[in-house]
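Asks: I'd like to ask you about the structure that follows.
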Amino acid sequence: MSWKVPMLVGLVVLGTHIWTINKEFLDVTKDLDYFVASVEFAVAQFNDNNSEENTYRLLEVGRAQKKTWTMIFLMDLEMGRTICKKHDENIHNCPLLQGSGEKKVHCVFQVDARPWFSHFTVLTSTCVPT
């Protein structure tokens, strides 16, 4: 009988943990200020870390979520290769490359936002060509 109580407590704790993992990220609106800033940071980091000469620009935001009790954002972004080079002055309105140079990527980012310090960190990023 005495072994049943710890077993029951263990099952309750495990069940609660599994339930909270599923609820860890909640949907947010795509125009939330800190989310928008995190998206811009993720795209800039992608361009900085990408070995290609051309920059990419945001085409579409898919998933927009925030981790409960934090400022960690989870986002799905579709980006397209532009005609602009990394060192061009105004890369925000660059047209997309067409034809043989056309390329799109789908990325999932987790960004930790500390906007009150103007500090953002990409925690994870995974990108695949589409």
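Placed from the backbone N, Cα and C atoms, the Cβ positions cover glycine too.
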Asks: Please work out, from what Swiss-Prot records, which of CYS84, CYS127 forms the disulfide with CYS107.
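Replies: Disulfide pairing in Swiss-Prot: CYS107 with CYS127.
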Asks: DSSP three-state call for CYS84 (disulfide bond): helix, strand or coil?
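Replies: In the DSSP reduction, CYS84 (disulfide bond) maps to strand.
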Asks: Counting Cβ atoms within 10 Å across all protein chains shown, which of the disulfide-bonded residues CYS84, CYS94, CYS127 comes out on top?
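Replies: Max Cβ neighbours within 10 Å, all protein chains included: CYS84.
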Asks: Once the DSSP letters are reduced so that anything not helix or strand counts as coil, what is CYS107 (disulfide bond)?
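Replies: For CYS107 (disulfide bond) - judged by DSSP and reduced to three states - the answer is strand.
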Asks: Sorry to bug you, but what's the C-alpha spacing from CYS84 (disulfide bond) to CYS127 (disulfide bond), rounded to the closest Å?
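Replies: That separation, Cα to Cα, works out to 20 Å.
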